[in-house]
Amino acid sequence: MSEPHFKVIIVGGSITGLTLAHSLHKIGVDFTILEKRATVTPQEGASVGILPNGARVLDQLGLYGLVEEATAPLGATHIHFPDGFHFCSLYPKSMLDNFGYPVAFLERRRLLEVLYNALPDKSKVLVNKTVSDIEQCEDGKSAGVKVRTADGDVYEGDIVVGADGVHSRTRSELWRMSSSAGQSEDVRMEKARMSAEYSCVFGISRGPSGLKAGEQIMRMYDGRTLVVIPSKDDVVFWFLSRKLGKKYKYSEAPRFTLEDAAAECAELADAPLGNDVRFGDVWKIRQTFNMVVLEENLLRTWSFGRVLCIGDSIHKMTVNLGQGANCAIEDVAILTNLLSQCLGSKREAKPSGQELDALLRRFNDVHLSRVSHIYDTSWLIARVHARDGFVRKIIGRYVMPYFGHKFESRPFNMIANAAALEFLPLPRSSFPGWEKYKSKEDKSGSWAVVSRSVLLLVGLAILSTWWRRA
């Protein structure tokens with residue numbers, strides 16, 4: 001009697017979870033998605049940015065065409081400072097020219113619709129399924145995982161992948177099992193890494209705004225950043241991030257109401273956006289909005305036995321760099337590649353629990369260095385945009401406008417070195433950036449080099465002033 005098919009239980013019908021489902025289908029792996037909400041396409045007022053590294057994987061899966069149709073590609077970013085200075089960056093156009101994919105923003109709900117509607121078998125997506133606990137077993141033929149839901153149902157598979165976001169239930173179960181195995185101190189350290197220093201009001205407005213589609217506006221204030229992204233069909237995406245009064249532990253992070261969000265936006269109602277348009281005008285045509293705390297975490301251990309977490313559950317970033325969803329899509333690519341290699345070599349029998357534990361640890365080892373680089377860059381960019389500290393103000397005001405093009409290769413390295421699905425053709429690979437910037441990624445923290453350079457320049461300027469006065 002032949003072995004039953006290998007099966008993955010995916011917790012979370014998120015962008016990450018649905019993309020994983022498509023990838024698993026491509027290699028013939030069965031799956032079930034357990035989503036706690038009543039729908040996989042909720043309206044939460046959020047947009048999502050798809051950059052070339054995420055776009056390429058979606059393109060490999062045959063999904064990017066619908067994403068592209070829903071967006072107006074960014075061609076420029078207009079950046080404004082408190083002293084009235086502003087400049088225009090053509091970085092978004094340069095990214096398109098180099099990689100063949102634009103910086104594209106669309107409604108998060110629309111992307112979820114694209115991913116869900118394209119699934120070959122939607123019966124594998126189950127809603128109103130809140131995970132209560134996960135059990136692992138290595139007892140002969142019954143080896144595998146059991147996932148219990150709050151309604152009493154049990155779902156069996158070979159591995160569990162938590163794609164259930166920053167408030168991950170899967171992560172909690174992973175930590176519970178790790179603690180039971182004598183790793184309580186490691187779990188304590190992981191929990192301590194989770195914090196929040198920023199809040200964000202994000203929203204979607206609809207109607208004539210007077211703003212040009214594809215031209216992003218960013219206004220940088222001390223402790224705040226306002227970003228407005230006019231898109232096609234008179235849709236405007238926007239977000240307002242703000243540094244909180246202190247750094248919060250994840251478990252103590254504040255919650256916000258819609259009244260809090262409205263008050264936050266009212267403070268910047270007079271912020272000019274160009275063409276005699278102010279942020280208050282965009283606010284007046286709002287369709288939906290929300291306010292959340294922006295958690296930040298980069299965990300070091302992503303798996304235990306047959307249980308793995310991916311996406312925001314292990315690497316949550318601020319919104320400024322726009323790599324959150326794209327990094328999660330890369331998680332999917334690397335995991336699917338490893339599963340494809342492992343299952344292809346097994347032929348008749350399934351991998352043992354020991355082999356799967358090693359595979360998931362391998363995923364962690366392979367990907368952690370790159371994710372760390374992206375996370376560190378995102379961490380710094382958020383603080384440069386918020387003018388948080390003297391050196392970061394100097395970087396934003398004087399380095400970015402005049403020397404930003406010199407550092408353009410840094411984010412391009414990040415794109416070119418991205419993971420893709422190894423078993424599918426690479427679309428748009430003829431664009432020069434994929435080869436030009438590949439394998440030149442500076443994982444030592446290129447922006448740290450910029451910071452040190454700025455400090456040196458400031459120090460020399462102070463010494464020069466002192467010398468002239470002496």
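For all residues, glycine too, the Cβ spot is worked out from N, Cα and C.
The FAD site recorded in Swiss-Prot comprises GLU35, GLY49, ARG108, ALA325 together with one of ASP83, ASP121, ASP312, namely ASP312. Cβ atoms under 8 Å from those of the signal peptide (1-24) belong to residues 30-37, 40, 48, 57-58, 61, 63, 108, 111-112, 115-116, 118-119, 124-125, 127, 131, 145, 147, 155-165, 168-170, 310-312, 325, 328-329, 331-333, 335-336, 339, 343, 348-351, 421 of the same chain, restricted to positions at least 6 beyond its ends. Counting in whole angstrom, ASN128 (N-linked glycosylation site) lies 6 from GLU35 (FAD binding site) by their C-alpha atoms. In this structure, GLY49 (FAD binding site) is part of a beta strand by DSSP. Cα spacing between ARG193 (active site) and ALA325 (FAD binding site): 20 Å, rounded to the nearest whole number.
Counting other C-beta atoms within 10 Å of each candidate's C-beta, the recorded positions ARG108, ARG193 are led by ARG108. In sequence order, VAL103, ALA104, PHE105, GLY322, ALA325, ASN326 constitute the residues six or more apart from GLY49 (FAD binding site) in its chain with CB-CB distances below 8 Å.
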